[in-house]
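Student: Questions regarding the structure given below will be posed in turn.
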Amino acid sequence: MEAVTKLDVEGTAFDSVIIPPGSSKTHFLGGAGVRGLEIGGKFIAFTAIGIYLETDSIPFLADKWKGKTGEELAGSLDFFRDICTGPFEKFTNVTMILPLTGEQYSEKVTENCVAYWKAIGIYTDAEASAVDKFKQAFKPESFPPGSSILFTHTPSGTLKIAFSKDGSVSKDEGVLIENKALTQAVLESIIGEHGVSPAAKLSIASRLSEIMNKVGNVEEKLPVLS
């Protein structure tokens, strides 16, 4: 199927299908895009991000969103919210274009999460503990160009964090953090209302629109890893 293809973002290749660390389920590439900032009139790319969805996501999302254009999906906060909170696994591959320390990355992500939780009144001791575990997981890490942060987001609320120095996806599930709010918020920080990668959001909207409109049985149509 044409929509389920691999993508290249600033020289980083994202495979069309993978099995995430610590998972037995096949995920397809929902979309990918760059994260960057306009600095001095020039766009500087920091990371390339690929978002993968478990194949079971398509029937769930199609029930509400089939028939919508990519443009309509791209402009819908509810669509991306349904991806972040839906009852299926998600996998996020954040690959470095420029070098970054683990502390730099974790501070920025958790700062945004905590601000959001406090604003909606759900910041409790459980979230504070999860944030601390998240920071500790990243503290000793350093990410040169080409290295990756690998997040598996389970519907039960477990966030699995693994690291790769060469961009490969290992089978080691890495660090586990049991907190549903954090599991969802890490993905929302990328594709949510104030997500850091508008390019990834556009990519997901375009590709999922095509997949939902053309695929009847996703298990039959999507390629499956042996």
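The backbone N, Cα and C atoms fix where each Cβ goes, glycine too.
Summarising the annotation, Swiss-Prot assigns substrate binding site to Thr47, Asn112, Ser189. The site 'Important for catalytic activity' annotation in Swiss-Prot covers Tyr105 and is backed by similarity to another entry.
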Student: I'd like the number of other C-beta atoms within 10 A of the C-beta of Asn112 (substrate binding site), please.
Tutor: 18
Student: Would you list the other residues of this chain near substrate - those whose C-beta lies within 8 angstroms of the C-beta centroid of Thr47, Asn112, Ser189 - in sequence order?
Tutor: Arg35, Lys108, Val109, Val186, Ile190, Gly195, Val196
Student: In this structure, which of the binding-site residues Thr47, Ser189 has the fewest other Cβ atoms within 10 Å of its Cβ?
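Tutor: Minimum Cβ neighbour count within 10 Å, taken over the binding-site residues Thr47, Ser189, occurs at Ser189.
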Student: Cα of Thr47 (substrate binding site) to Cα of Tyr105 (site 'Important for catalytic activity'): how many Å, rounded?
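Tutor: That separation, Cα to Cα, works out to 11 Å.
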Student: Rounded to whole angstrom, what's the largest C-alpha distance between any two of Thr47, Asn112, Ser189, listed as binding substrate?
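Tutor: With Thr47, Asn112, Ser189 as the binding residues for substrate, the largest Cα distance is 17 Å.
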Student: Return the residues near Tyr105 (site 'Important for catalytic activity') by Cβ distance under 8 Å, restricted to its own chain and a separation of at least 6 in sequence.
Tutor: Phe138, Phe143, Ile149
